[in-house]
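Just below is one structure, and these are the notes that go with it.
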Amino acid sequence: MLRRFAVIGNPIVHSLSPVIHQMFAQQTQIELIYEKILGDDVKFEQQISDFFIQYGNGLNVTLPYKKRAYELAKVRTQRCTLAGAANTLWMEENQLHADNTDGIGLIRDLSRFLELKDKKILILGAGGAARGIIFPLLEAKPLQLIVANRTLEKAKELQRQFPQINVTSFAELTEFFDLIINATSASLSHQVIVLPEEVLSHKPFCYDLAYNQKTSTAFVQYARNRGCEAVDGLGMLVEQAAEAFFIWNNIMPSTKEILEQLRSF
């Protein structure tokens, strides 16, 4: 029986999710359709309701609706609750369920490059993207997790929820790290958070949650120009999609060759 999935967001035209899920479908021999839905700021909740009334099996949610999807759900996973945002929805026993697969997607992609245990990790930015990855990063048992933001107060809000982290402002960054994660939106507008030279002097591994299929993001290029190994978030996108696919279909697809295909497009 043909299963129906979609991703909703605004903008949505450039989403790679339909391509990724069709690749998963071919690999696992599941018949499905996966559509793009342009989110309507006024009618978003009605759009969610209509999708499932019309026999939708699962829905991915992207910017700017993850918080509204979270609030709409009746049942949430622990990681979804801690993230305060949802990117994966489905119906079960007539109740809307929600999960957030971004964090596990990041961890799985990062594991290709380095071990997180006992590492010093810096997250740039204290918005929703940062909040969504803190819990899974803490589960990996780093030596230290620091969140840096332009305004310290916003970082302190995260610290109140996650007391295990330390916070600072960009201006006060002085120490070195093993891993730096850009969770700001700067790359989306081709801008860079300029870091003090001493922060990059030990050549930390640098990871940008944003991705650009054709070229490097601004942050990745900035880090590479300073001698650091750096990658963008395309692998995270594929891994979070695989986790959503597993939630909906109870089959975990293989991601390595799909990521390689996307990189070669």
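Along the chain as shown, the residues are counted starting at 1.
Note: Cβ is positioned from N, Cα and C throughout, glycine not excepted.
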Checking Swiss-Prot, the member of THR62, THR174, THR184 that binds shikimate with SER15, LEU16, SER17, ASN87, ASP102, TYR211 is THR62
Site-mate of GLY125, ALA126, GLY127, GLY128, ALA129, ASN149, ARG150, THR151, LEU152, GLU153, LYS154, LEU209 for NADP(+) in Swiss-Prot, selected among GLY103, GLY233, GLY235:
GLY233
According to DSSP, does ASP102 (shikimate binding site) sit in a helix, a strand, or coil?
helix
Might you list, by sequence position, any residue in that chain lying six or more from ASN87 (shikimate binding site) with a Cβ less than 8 Å away from its Cβ?
ASN60, VAL61, THR62, LYS66, ALA69, ASP99, ASN100, THR101, ASP102, GLN240, ALA244
Would you mind checking how many other C-beta atoms are within 10 angstroms of the C-beta on TYR211 (shikimate binding site)?
19
Highest CB neighbour count within 10 A among the recorded positions LYS66, ARG150, LYS154?
LYS66
The largest Cα to Cα distance in Å among the residues SER15, LEU16, SER17, THR62, ASN87, ASP102, TYR211, listed in the record as binding shikimate, is 17
Which binding-site residues sit within 10 Å of TYR211 (shikimate binding site) - Cα, from GLY125, GLY127, ALA129, ARG150, GLY233
GLY233
